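Enquirer: Pasting in a structure now, in structure tokens, and then I'll have a few things to ask.
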Amino acid sequence: MPDRYANGVTSSLVEPPTNGRALDRNGSGGEAVEHDDKIVLKRKLTLINGVAIIVGTIIGSGIFIAPTGVFYYTESVGSSLFIWSVCGILSTIGALCYAELGTSITRSGGDYAYLLVAFGPLVGFLRLWIALLIIRPTTQTIVALTFAHYAAKPFFEDCDPPQNAVKLLAAVCLCLLTAINCMSVKVSMKVQDIFTVGKLLALVMIILAGVYYMATGKLDNFSNPWEGNYSTRNIGYAFYSGLFAFGGWNYLNFVTEELQDPYKNLPRAIWIAMPLVTGIYVLVNLAYFAVVSKPEMLSSLAVAVTFGNKVFGPLAFMVPIFVALSTFGGVNGVLFTSARLFATGAQEGHLPKFFQLFHVKQQTPIPSLIFTCLMSLLMLLTDNVYELINYFSSVLWLSVVASIAGMLWLRHKKPNLPRPIKVHLALPIIFMTICVTLVLLPNFKEPTNLLIGIAITLAGIPFYFVCIAWKDKPRCYGRISNGMVNLCRAIFNTTIIESNESLK
């Protein structure tokens, strides 16, 4: 058996393979579905789709729940706005670093693919492991719960919606969008594009109302803007909430194999999307603070509804509708990219083969989508959004730091690797320093979430050696795996689709 991971990983992940398997750098060859008797994915995602994925995934639930979280920990209008600005700049720096990674390693899979190339199969598997158990299902559940809170709010004007009703509505959202993503890539992308436009309209409406409110001289909420809580714990948790709202800046990297002309469109999408989102977020928070008082901000998870009730009068019912549409699109973006991540893991032999199955005609990863949905439904055992954010943030940002460290290591290890984009060395160093600081700040006093995340990560090591590294497994293991594949093929009309840049 050939060694698939010479020096940690075979070079075919990062260098264009030969014999008809090379990626078309101009994007024109992406329509072919067969290369050397392999079935591969078509490049269906345009630049507009790429921008919609980034904007649509970032502007999901965060901007409608995180303002309360940021202000809860800072208790200061000025420092809250400052944190929102810094979060936008930090996310843009991270996105630019990921643009270098995404154009030099053009595999779908994002962080997983980059860590696999840089540090080998064990580290790559552990990143996939925590994505499977923590990061992806938690993110999807948070966005779905936010959708449910806002969708149910018009029916419970004088009180909060019942917890069970919110959980049930979130479950319906997850199941419906899973079904849409199983049906068609084009349909799911149309959903993404339409709901991205809808959420931008909602935010523009909030910004214009806030500007009008401030223009009339109502600036009482901005008195003593820098008075607040500046403990390291609270600042760290405030950044967690702000950065959660920017979560999604790296999601296009998870589907680069389906992006047309990724060498041009990936950085273009980042440059269009990130400044747009940062500007919108700061202006929206400015509008919130102009209208919503400090006690009202702290008492409401659905801060946009409070804003709408005070500004729009009889038209206030439109706000929760627009917010629900926004978060609905956010769930769609996370589901779309999560399933591709797990499919990539299966292609590398790090997940069971049934994750690698795609529908024969629609090219949708149906088993991966269903599994992603089920894991998210399990997370609905709790409906405390801020607990979920704090739970997964430490592990998420440590994995991002590891990916950027992998980028620096690859510059040393593979200096001749093609890099259509190469960021200045200062950017990844600044980014890593800030991220490590943010992970440590709240965990000096409350290390529980970090320790749980590290424990779950390390628990993946024995699974790796038993299920992945151990080659001479009993025959029953192969029979069970093949049985699952054949069952999924029969039920969902699926087939195994190889990567455009297979490691095999």
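Cβ atoms are placed via backbone N, Cα and C, with glycine included.
Bear in mind that TrEMBL entries carry predicted annotations, made automatically and left uncurated.
TrEMBL feature annotations, pasted as is:
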- 1-31: region 'Disordered' (REGION)
- 47-69: transmembrane segment (TRANSMEM)
- 81-101: transmembrane segment (TRANSMEM)
- 113-135: transmembrane segment (TRANSMEM)
- 165-185: transmembrane segment (TRANSMEM)
- 197-215: transmembrane segment (TRANSMEM)
- 235-256: transmembrane segment (TRANSMEM)
- 268-291: transmembrane segment (TRANSMEM)
- 311-343: transmembrane segment (TRANSMEM)
- 364-382: transmembrane segment (TRANSMEM)
- 388-411: transmembrane segment (TRANSMEM)
- 423-444: transmembrane segment (TRANSMEM)
- 450-470: transmembrane segment (TRANSMEM)
Enquirer: Let me check one thing: do the transmembrane segment (235-256) and the transmembrane segment (388-411) come into contact, meaning three or more Cβ pairs under 8 Å with sequence separation of at least 6?
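Expert: These two stretches do touch.
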Enquirer: Can you work out which residues elsewhere in the same chain, 6+ from the ends of the transmembrane segment (268-291), have a Cβ less than 8 Å from its Cβ atoms?
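Expert: Result: 47, 50-51, 53-55, 58-59, 63, 67, 77, 80-81, 84-85, 87-89, 91-92, 95-96, 98-99, 200, 203-204, 206-207, 209-211, 213-214, 218-219, 221-222, 245-246, 249, 252, 297, 303-304, 307, 310-311.
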Enquirer: What residues elsewhere in the chain lie close to the transmembrane segment (388-411), defined as a C-beta under 8 angstroms and at least 6 residues from its ends?
Expert: 69, 94, 97-98, 100-101, 104, 110-111, 114-115, 117-119, 123, 127, 130, 134-135, 138-139, 141-142, 237, 240-241, 243-244, 247, 250, 379, 382, 417, 425, 428, 431-432, 435-436, 438-439, 442-443, 449-450, 452-454, 456-457
Enquirer: Do the transmembrane segment (311-343) and the transmembrane segment (197-215) share at least 3 Cβ pairs under 8 Å, sequence separation 6 or more?
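Expert: Contact criterion met.
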Enquirer: Same chain, outside the transmembrane segment (423-444) by at least 6, Cβ under 8 Å from its Cβ: which residues?
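Expert: Residues 90, 93-94, 96-97, 99-100, 232-237, 239-240, 243, 390, 394, 397-398, 400-401, 404-405, 407-408, 450 contact the transmembrane segment (423-444) from elsewhere in the chain.
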Enquirer: Taking residues 6+ outside the transmembrane segment (81-101), which of them lie with a CB under 8 Å of any CB in it?
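Expert: 54, 70, 74, 110, 114, 225, 235, 238-239, 242-243, 245-246, 249-250, 253, 266-267, 270, 274-275, 277-278, 281-282, 285-286, 289, 400, 403-404, 406-407, 419, 421-423, 427-428, 430-431, 434-435.
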